[in-house]
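Just below is one structure, and these are the notes that go with it.
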Amino acid sequence: MQLGLDFSLVEELVAGVDEVGRGPLCGAVVTAAVILDPLRPIIGLNDSKKLTEARREVLFDEIREKALAWCIARAEVEEIDRLNILHATMLAMQRAVEGLSVTPKLALIDGNRCPRLTVPSAPVVKGDSRVPAIAAASILAKVSRDREMLEMDRLYPGYGIAGHKGYPTPVHLEALQRLGPTPIHRRSFAPVRALLEPVAVDCIAATV
């Protein structure tokens, strides 16, 4: 359901929850939950996608310093492949809320559905541009995942991960065709699965 209130006025132990990384072909899906401190306002909170990288980095530190509580969580590639991306995202959101050092009275979830939580929750469509706490969560999740993708680029050179962050760009798809999937690629996603299926067929044929 959508709450009938001015989201910008929601304060007092309300956690904002968001995710980054549902669409990429590789890497974990990363989530964050944030309870802002109304006595320590943070200027310039907005959907992380609408901010420059430099601004996100500044806000990342400020959010962690000023928030009443925050937690960054994740679901790994293996969980995404086993559960599917939707259920893995819900699991990661659940972990983020449960990892808060302060129990919120309400969790506002970006999007149109909520994970199973032990506290009341409500979805907020486009919440990262409507609810400051969700915007803060989106910033923590995006900066964390982007940093991880830079490290993955060093571990798996040639795929351009630092640039596309795992999303299915032409550069990424061409590298997949040329180099094959890495251990961090999501086997359940169609472009990766399509590259692995001929291998499975060949293995079956070889045993006949």
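Here the Cβ of each residue, glycine as well, is placed from N, Cα and C on the backbone.
Of the residues proposed, ASP110, ASP146, ASP153, the one Swiss-Prot records at the same divalent metal cation site as ASP18, GLU19 is ASP110. If you take the C-beta of ASP18 (divalent metal cation binding site) and look for same-chain residues 6 or more apart in sequence within under 8 angstroms, you find THR31, ALA32, ILE109, ASP110, GLY127, ASP128, ILE134, ALA135, ALA137, SER138, ALA141. Of all the binding-site residues listed (GLU19, ASP110), GLU19 sits in the most crowded Cβ setting, with the most other Cβ atoms within 10 Å.
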